[in-house]
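Noted in TrEMBL for the protein shown:
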type: TRANSMEM; residues: 6-24; note: transmembrane segment
type: TRANSMEM; residues: 45-63; note: transmembrane segment
type: TRANSMEM; residues: 69-91; note: transmembrane segment
type: TRANSMEM; residues: 98-118; note: transmembrane segment
type: TRANSMEM; residues: 138-156; note: transmembrane segment
type: TRANSMEM; residues: 163-191; note: transmembrane segment
type: TRANSMEM; residues: 203-222; note: transmembrane segment
type: TRANSMEM; residues: 234-254; note: transmembrane segment
type: TRANSMEM; residues: 260-283; note: transmembrane segment
Amino acid sequence: QTQLLGVLLAAASNFLISVSLNIQKCAHLRLACQTEPKSYYTSKLWWCGIILLGLGEVGNVTAYGFAPIALVAPLGCVSVIGSAFISVLFLKKTMRAADILGGALTVTGTYLLVTFAPNVPQELTARQVQNYLVSWPFLVYSILEIIIFCILLYFYKRKAVKHIVVLLMMVALLASLTVIAVKAVASMITLSAKGKMQLTYPVFYIMIVLMATSCAFQVKFLNQAMHLYKATAVVPINFVFFTTSAIISGVVFYREFQSAALLSVFMFLFGCLLSFLGVFVIARNKKEEHLQIPFIDCGHIPGQKLTGKIQPDSHSSCYGTLNNEDDSVK
């Protein structure tokens, strides 16, 4: 019953997040259509979306206190599939065959992973978390993760390699620490609310610091990826990397599959694979919404493609500039 509560809470929270994101997008589009555009934070609709987003994230964190990481993390696909179908209502988008196929694959995968997820006790005391922190599997896992992260950070900083895989790999490595800390904090708060005080242990505050720090850097690299690449590429890859790292961290730190049967493990992984495939099918060839920006068509200019644009340049006395401008173009 406790695990079922965590599943329902995670699914409802992710669905609420998808609703909130579509409400915010709707608010931005409405403001863009006004003759006198206002700041987005003056919109009541936008604030409504933000409040729903906050409630969804709180629900997601709480779900880790009732269900295993390996079960809560893959349920993030509910947000992706929910967003695809809700956008038809909020943003008047057209339902595609890919959305229906991807939705069917995701629902099937979700059913399998919920059915064959590990059934382990979810009441974690502060002493148990302390023991897990100094266990040799987690220490080995931490050392490997730090080495991989430092290598990726070296290429990112020194070699200026900003490939989508490099950025999202760093996000996933940080996310594995985040979910470990979130589950520990949520479990200790849940136990404390039931009368078994856990908040006096130093490990509780260590986990809060770890959660906040890893979250902050995770957002930094994820924003960088969103800035450089299309959301249709970032969302599915990030979902796969995040879910995989979360499941591995649950296996290593909380030993969630320690007593699971081989068939259950296989069916669980197959369910995850179907969910991954469903998310990629939904995101594949999906057109992104862009606000209209004024431009001048170059037309037939030597050295420039017909699709080239002259963008307004507010920092120059000229109206606009061309990319790779040379003497012949001038």
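Every residue gets a Cβ built from N, Cα and C, even glycine.
Just going by CB pairs under 8 A, the stretch in 6-24, 45-63, 163-191, 203-222, 260-283 that sits most against the transmembrane segment (234-254) is 163-191. By the Cβ criterion (distance under 8 Å, sequence gap of 6 or more), the transmembrane segment (260-283) is counted as touching the transmembrane segment (69-91), at least 3 such pairs being found. At the 8 Å Cβ threshold, with sequence separation of at least 6, the transmembrane segment (6-24) comes into contact with the transmembrane segment (69-91) through 3 or more pairs. Same-chain neighbours of the transmembrane segment (98-118): 3, 7, 67-68, 70-71, 74-75, 77-78, 80-81, 84-85, 256-257, 259-260, 263-265, 267-268, 270-286, counting only residues six or more beyond its ends whose CB sits under 8 Å from a CB of the stretch.
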